[in-house]
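Asks: Just dropping this structure here.
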Amino acid sequence: MSKKYDAGVKEYRDTYWTPDYVPLDTDLLACFKCTGQEGVPKEEVAAAVAAESSTGTWSTVWSELLTDLDFYKGRCYRIEDVPGDKESFYAFIAYPLDLFEEGSITNVLTSLVGNVFGFKALRHLRLEDIRFPMAFIKSCYGPPNGIQVERDRMNKYGRPLLGCTIKPKLGLSGKNYGRVVYECLRGGLDFTKDDENINSQPFQRWQNRFEFVAEAIKLSEQETGERKGHYLNVTANTPEEMYERAEFAKELGMPIIMHDFITGGFTANTGLSKWCRKNGMLLHIHRAMHAVIDRHPKHGIHFRVLAKCLRLSGGDQLHTGTVVGKLEGDRQTTLGYIDQLRESFVPEDRSRGNFFDQDWGSMPGVFAVASGGIHVWHMPALVAIFGDDSVLQFGGGTHGHPWGSAAGAAANRVALEACVKARNAGREIEKESRDILMEAGKHSPELAIALETWKEIKFEFDTVDKLDVQN
């Protein structure tokens, strides 16, 4: 045995804490928020994360001599305090790109958020951000279509797109489900949507739903002269079943399908995205289960990481929360990961939670979807926050209209167009929101009733997961 080999256990920081290291452009960089066990030095905790998420194990092993460990190991190169948190700290780790399979988000996450999250030396661990190098981005397929192609295909420009989730989301027969879709689309919406948990249940098998939805879309297109769509959820118990459903949607002439990317998994999502690109279909992505992973401020994976991974894995639309609705998410954090979905370059900006510069090159962008507890009074804020390259989805805010879903859809369409017109005229639509909506309501009885119905409805709860920024 080589004389270089010394059996036994040594501290992680002897090998994986490298404060003099300067990251390479080709390195994959990660920022972890670490909370170690009492008495364990920060450097040892951070080095343990670097080791266990790359080449390390608990003991020195002879087979290290068979490879170039210094080339392949992850390196913790910086530690920072977390503002306002004396228990936790940020560990910045650089990983050589050769540790990861090209184009595989599954492989990246298996390393970075694998066994290390169960490590006893850690009380909590959270993956806050990843900087993907351009060499890795170029190996990923990304969105099957992107923002501009979707606009061209749907022939919709100059404003956010408008949609809603069909309610009740479970329990309707296929025919009644199609009836609700028709009412919404003829009322003025661009899209309707399956909810995340409707697949193929006894009360409504997927073929039946797809057929009645297709009929509803064709009728509404004939009546309105506009291109319409419905997110047909093809998420299934096996990939083979998922592709069968996608093929049937294509046969029916539908423009868009849907996938629950976290419960379905990144491998399934990447495969479906490739299928959509090949077959000319748009792909809507729901983030069901995300809050289990991202809501705890000290443990899990931040949603900005999931959003980045989804852009690389592939999707044309992704749910991002609303800021003003019923779901978790403050304004600056939400804007931070919306930038990661849509922009070609996003600079480091701690005020938005972005720990690294991120160059996306020529990869197409993803529509940000605002959905969850929103109604017409929220429209000015939504237009201001999300901008044009977004989908604003009003579920209860459509179906809960006293005159029915068609009237709710009409109210939302009038409110949206009034806000876009006011914005284009240079008005501050958030400050002047009441005047803008009340004026539009004078010419739309549907909007006037909606404004009266939801005038007292607010979701004013403090955000659980807040940005760690210095005051």
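Placement of Cβ uses the backbone N, Cα and C atoms for every residue, glycine included.
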Asks: According to Swiss-Prot, N115, T165, K169, H319, S371 bind substrate; identify which of R205, R287, R295, R342 is listed for that same site.
Replies: R287
Asks: Spatially, and counting Cα to Cα, which of the recorded positions is closest to K193 (Mg(2+) binding site)? Options: T165, K167, R287, H319, S371.
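Replies: Considering only the listed recorded positions, the nearest one is T165.
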Asks: With DSSP assignments reduced to helix, strand and coil, which class does S371 (substrate binding site) get?
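Replies: The residue in question, S371 (substrate binding site), is strand (DSSP, three-state).
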Asks: Counting other CB atoms within 10 A of each CB, which of the binding-site residues K169, R287, H319 comes out lowest?
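Replies: Fewest other Cβ atoms within 10 Å, among the binding-site residues K169, R287, H319, is found for K169.
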Asks: Near H286 (active site, proton acceptor), which residues of its chain come within a Cβ-Cβ distance under 8 Å, counting only those 6 or more away in sequence?
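Replies: Spatial neighbours, sequence-distant, of H286 (active site, proton acceptor): E196, N233, M258, H259, D260, F261, H319.
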Asks: Rounded to an integer, what is the Cα-Cα distance in Å between N115 (substrate binding site) and K167 (active site, proton acceptor)?
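Replies: So the Cα of K167 (active site, proton acceptor) lies 40 Å away from that of N115 (substrate binding site).
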